[in-house]
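Structure, as structure tokens:
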Amino acid sequence: MYYSVAIDRPIRTSSFSKLPKPELATRRRQLSQRFFNPPEQKNLSLNASSSGPLLNLRLPRGSSSEFRSQRVKVSSDDAQFASPEEKKKKKKDVVQAPSFAEFITSERVKVVAMVALSLALCNADRVVMSVAIVPLSLSHGWSRSFSGIVQSSFLWGYMISPIAGGTLVDYFGGKVVMAWGVALWSLATFLTPWAAETSLWALLAARAMLGIAEGVALPSMNNMVARWFPQSERARAVGLAMAGFQLGSAIGLTLSPILMSQGGVFGPFVIFGLSGFLWVLVWISATSSTPDRHNQISKYELEYITNKTQKSSSVENKSKTTKVIPPFRRLLSKLPTWSLIVANSMHSWGFFVILSWMPIYFNSVYHVDLRHAAWFSAVPWSVMAVMGYLAGIWSDMLIQSGTSVTLTRKIMQSIGFIGPGIALVGLTMAKSPSIASAWLTLAVGLKSFSHCGFLVNLQEIAPQYSGVLHGLSNTAGTFAAILGTVGAGFFVELVGSFQGFLLLTSLLYFISAIFYNLFSTGERVNFDEPGISILHNT
């Protein structure tokens, strides 16, 4: 039920939100003063009608034509009036959405391409051991359970760094933290051959150092995407970045056997380590933490990003200026936070189990040699890179078409969990390596939809704490990954079957999908003030 502004002459009408009478009287005076000089102001009367109270404003004859040329805009807060000249200026100030060609060639896409390349190096460095573990186990006489411990040593470091890394990202920005992270993990990769020749403890320490450094990668990616991309493009941007992440798995698994045949077991560690140092030099010289600090960005692109991200930018700038300590207690008191923690945990469990054990799975179950085992394991990650980007495009299209952010994230995450759960069941029944690779490809490809689910959701429920929130969920995810990676080795030794562990993983996927759909949201969650749960986006 609304109050209407009705005029005796045939001109536009508008409406007030229902207001108390004292406040309505104040608004009437403001309305009268806005249009007429004091001598021309007339009294307004309040009359009843079947549709609600009508506010009648009687105009002098000479004022009708002037008033008719102006449009009345009345909101629930106040009345705003725009003249034709003001409307033209406002229309001119609106920055049109970029075309596909403009988007692809924009500076923000160049930035996310560099992020994607860093994530490719990140994953390539970690998967080298998945291939090298086979000859290393044979030469050192390691059991399956001990091989799992060696592979999980990366995760020991990875578990402790995301929270600290996320806090550093929120404080210093993604550019600086990412540069240090890539430099340190490249050094750890480069030193791995020396560590392996020195002692087992040195090897475990080098892998743990790799994990510590790589813990800042995804929080930095989230920070850069939040600063450089409006919400309507973020799923696409994350899809591009994570495409690089998955291609890193494919590159590492494919090139490692080739590099090992040419330069020995430790050849790929040296090559990928040196590549990381080169990336750091380009990153420092060619990117900036925010669009307004970039010296090559066009005025059009800067205006587009600024206009589209005005609200989130103000939150981020405030956070950066005040250096607020993250409210960990409140972060952990909200169910949307736990939906992200559960989703990240399940995503990491499945990711590292597949990443670490599939070469050994194909080698032991289907008796294929190391190079073919790595190839069968690499193909799914290439498909995941493509499907992740397509999922990002679809996710952005759903939001742009009017689908709520919450529903969009739940659709993406459901596909990202239920799809792999079904595919892993099919994998356990595959009779040939080709069919097994097809099921594995389907599982990993559908898994990429999670990047447009919980991974983007981190930026939406708390943009000012996206880094530390990602760190919290990633730490839980790393613990789950350690449990899954080490547990798989012990499970196979005790039960004698990889298939049983894959069925357990499938069941966990289904349970996690239900939890996320029950408790997640795409709306802003207020972690700063007790008693208020959700702030709706406007």
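If you go along the chain as it appears here, the first residue is 1 and each next one adds 1.
Even glycines carry a Cβ here, placed using N, Cα and C.
TrEMBL: automatically predicted annotations, no manual curation.
Going by TrEMBL, these are the annotated features:
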TRANSMEM  111-136  transmembrane segment
DOMAIN    111-524  domain 'Major facilitator superfamily (MFS) profile'
TRANSMEM  148-169  transmembrane segment
TRANSMEM  176-194  transmembrane segment
TRANSMEM  200-218  transmembrane segment
TRANSMEM  238-259  transmembrane segment
TRANSMEM  265-286  transmembrane segment
TRANSMEM  338-358  transmembrane segment
TRANSMEM  378-399  transmembrane segment
TRANSMEM  411-430  transmembrane segment
TRANSMEM  436-456  transmembrane segment
TRANSMEM  468-492  transmembrane segment
TRANSMEM  498-519  transmembrane segment
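Counting same-chain residues at least six beyond the ends of the transmembrane segment (468-492), those with a Cβ under 8 angstroms from any Cβ of the stretch are 143-149, 151-152, 155-156, 158-160, 162-167, 170, 211, 215, 218-219, 222, 326, 328, 331-332, 337, 340-341, 343-353, 356-357, 454, 458, 461-462, 498, 500-501, 504-505. Pairs of Cβ atoms less than 8 Å apart link the transmembrane segment (265-286) most often to 111-136, out of 111-136, 148-169, 378-399, 436-456, 498-519. Most Cβ pairs under 8 A with the transmembrane segment (378-399) among the ranges 111-136, 148-169, 238-259, 436-456 are made by 238-259. Taking residue pairs at least 6 apart in sequence, the transmembrane segment (498-519) and the transmembrane segment (111-136) share fewer than three C-beta contacts under 8 angstroms. Taking pairs at least six residues apart, the transmembrane segment (200-218) and the transmembrane segment (148-169) share three or more Cβ pairs below 8 Å and count as touching. Summarising model confidence by region, the domain 'Major facilitator superfamily (MFS) profile' (111-524) averages a pLDDT of 84. Sequence-distant neighbours of the transmembrane segment (498-519) (same chain, 6+ residues past either end, Cβ-Cβ under 8 Å): 335-336, 338-339, 342-343, 345-346, 349-350, 353, 357, 361, 364-365, 410, 413-414, 417-418, 420-422, 424-425, 427-428, 453-454, 484, 487-488, 491-492.
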